[in-house]
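Since the structure comes first, as structure tokens, the remarks are kept for the end.
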């Protein structure tokens, strides 16, 4: 029944979208051109917007617009006209006559993320560790360290961001603003480090290895400042407003410890418990994943136990509508998804 209705509904949606999409496309394109024409304030709009859209999975639209269309700039490289911040950077990277990289392109790329990714979020993680109950710190240490490694080495920030997004949305907004400010500061300082991830690998490969012309030496300085700013803001907010970040609640810390102890699979997660919290195999219509999240469609959202998912180490749960949700796991999401798919196949066989 569900596939039949879905086919009919999506068929109608497919007929309507070509009529309404040009309006949305004009709006998105206009936003991109506004960002590119806003001078040094443009990178802040981009960086902040990307962070604010990330919890909904919509950041890819803005990112693709700036990286691959003329909204991210147009330049002539090696006799060819190229558009998009990332496209320009990659063209210059492969052009033998290029000396240095375009500041107008790299201001939207890796360098802007580095203050928050290499400095700010590690500072936030340390603040959450220090604000946890002393008896719970060893229980959350692994959670914070794995999130820190994913952020600094992989440029994947959700495992840390989703630790405070749901308990303190205002902190996440502050984080988004500071991330955007990092983009602008890097631009004003004339740093020219490209690529996409903002991690330590990008810093070394596209910064240090390309010499002093990239001004890579400014990154540790700004990142250190961001580390202190994040630490102070997070520690003050957590203690002043008694925010329930990991380890602040004895029951939550205990549930994390039990979840780790009861994790039978190679992923290190208690996948049967996660499946049960999702309403069981019969409640799941589709199961997929991205780099950090399980992406699911369910028959009945009321059967999904959000607290049980968090008790089993989910960093967050995003309910998109009555049937679709995302469960933020972190770098181990592929293993969790594979185990869950195998378990569902066994149950349904």
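Backbone N, Cα and C define each Cβ position, glycine as well.
Record features, source TrEMBL:
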DOMAIN    1-250  domain 'PTS EIIC type-1'
TRANSMEM  12-35  transmembrane segment
TRANSMEM  114-132  transmembrane segment
TRANSMEM  139-156  transmembrane segment
TRANSMEM  216-238  transmembrane segment
DOMAIN    268-349  domain 'PTS EIIB type-1'
ACT_SITE  290  active site, phosphocysteine intermediate
Excluding its own, the Cβ atoms lying within 10 Å of the Cβ of the residue listed as 'active site, phosphocysteine intermediate' add up to 14
The transmembrane segment (114-132) versus listed stretches 12-35, 139-156, 216-238: most Cβ pairs under 8 Å: 216-238
Cβ under 8 Å, sequence separation of at least 6 from the ends of the transmembrane segment (216-238): give me the contacting residues as numbers and ranges. 111, 114-116, 118-124, 126-128, 130-131, 164, 168, 170-171, 174-175, 178, 182, 185-186, 189, 191, 193, 203, 207-208, 210, 245, 248
Give, as a single whole number between 0 and 100, the mean pLDDT over the domain 'PTS EIIC type-1' (1-250). 90
Taking DSSP H, G, I as helix and E, B as strand, the domain 'PTS EIIB type-1' (268-349) contains 35 helix, 21 strand, 26 coil
